[in-house]
Amino acid sequence: MSVSTSAPATRTMASGTSVAPSASANQRSRARTDAAALARAAAHYRDARDRYRQAKAALKAARRQIVPVDAFGNRKPRLRGWLHLITLPLCIAASIVLICIAPAGPVKAACAVYGASAILLFGNSALLHVVSWHSAKVTRVLCGIDYSNIFLIIAGTNTPVLFALSPAIRRPYLTVIWVTAAIGTILHIVWLQAPNWVFTTVYVVLGLAPVTLIPQLWTAPAVGPAATILIACGGAAYIAGAVCFALRKPNPIPGWFEFHEVFHVGTIVGYTCHVVAIYLIVCAL
């Protein structure tokens with residue numbers, strides 16, 4: 001009896017000792033399988049991450065190559081209009097100062113005309129170029145105003161300057177300049193698609209009109225050499241910008257800063273020279 005009872009116990013113990021190594025082997029096998037699966041998942045993750053980064057870099061590169069367009073399908077570099085938008089508040093402040101310090105009467109009115117033409121120039125340009133207009137009709141109207149403002153800023157700039165000269169000189173020049181500006185404004189509204197060189201020629205001719213007065217400005221008590229040089233430098237900046245606009249070059253940073261932005265820089269430099277010159281003239285009147 002004792003032998004028969006001890007034999008099953010022995011078999012049970014033997015069986016138990018044989019099951020334990022088998023379970024441990026299965027666990028190790030599952031662990032290896034899980035580790036291999038985890039390694040594959042990690043490899044897939046790294047591969048997917050690398051592909052995502054490559055795609056993201058390619059998308060950024062593609063976006064840098066894409067240049068926005070306006071309602072007419074023309075290129076619109078990303079900095080288009082922003083220079084004028086930054087200049088606008090400075091222009092408003094300078095105009096207020098000029099009007100405040102100008103003597104009462106025609107000179108104050110002339111400074112108001114100059115300030116209004118400059119504010120209209122920079123304000124409309126910023127509105128046209130910074131905002132993404134999808135309506136061709138709205139864009140066409142703003143373009144007409146934008147180009148017409150160039151005539152107005154030329155005439156407006158000459159107005160307070162000419163008040164430093166005698167009425168015999170001032171009146172005919174003011175008449176010719178404002179009549180030309182009015183004609184150019186009307187033509188721009190009715191002939192918006194005119195070639196750039198047509199109106200650029202008119203801009204340059206109108207802008208060069210005061211050049212004939214340089215001797216008188218140089219010797220005028222309220223103007224003098226400093227203001228005359230500033231007026232000449234401002235005119236040169238306007239003309240240089242207009243030439244770049246007509247030639248449609250240079251394009252320093254395609255997609256960001258092109259010939260139109262160079263033109264805008266010319267207008268800002270020209271305006272800065274002229275507003276300082278007019279400030280000197282008004283203080284001397």
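Note: Cβ is positioned from N, Cα and C throughout, glycine not excepted.
Note that TrEMBL annotation is computational and uncurated.
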Same-site Zn(2+) binder from His44, His129, given that TrEMBL records His260, His264: His129
Name the range, of those listed as 145-166, 172-190, 197-218, 259-282, that has the largest tally of Cβ pairs under 8 Å with the transmembrane segment (112-133). 145-166
Do at least three C-beta pairs under 8 angstroms join the transmembrane segment (197-218) to the transmembrane segment (82-106), pairs 6 or more apart in sequence? no
Stretch-level contact, the transmembrane segment (224-247) and the transmembrane segment (259-282), CB cutoff 8 A, at least 3 pairs: yes
Other residues with Cβ within 8 Å of the Cβ centroid of His129, His260, His264 at the Zn(2+) site? Leu79, Arg80, Gly81, Leu83, His84, Ser125, Glu261, Phe263
Outside the transmembrane segment (172-190), six or more residues from its ends: residues with CB under 8 Å to it: 144, 147-148, 151-152, 154-155, 158-159, 162, 199, 202, 206, 209-210, 213
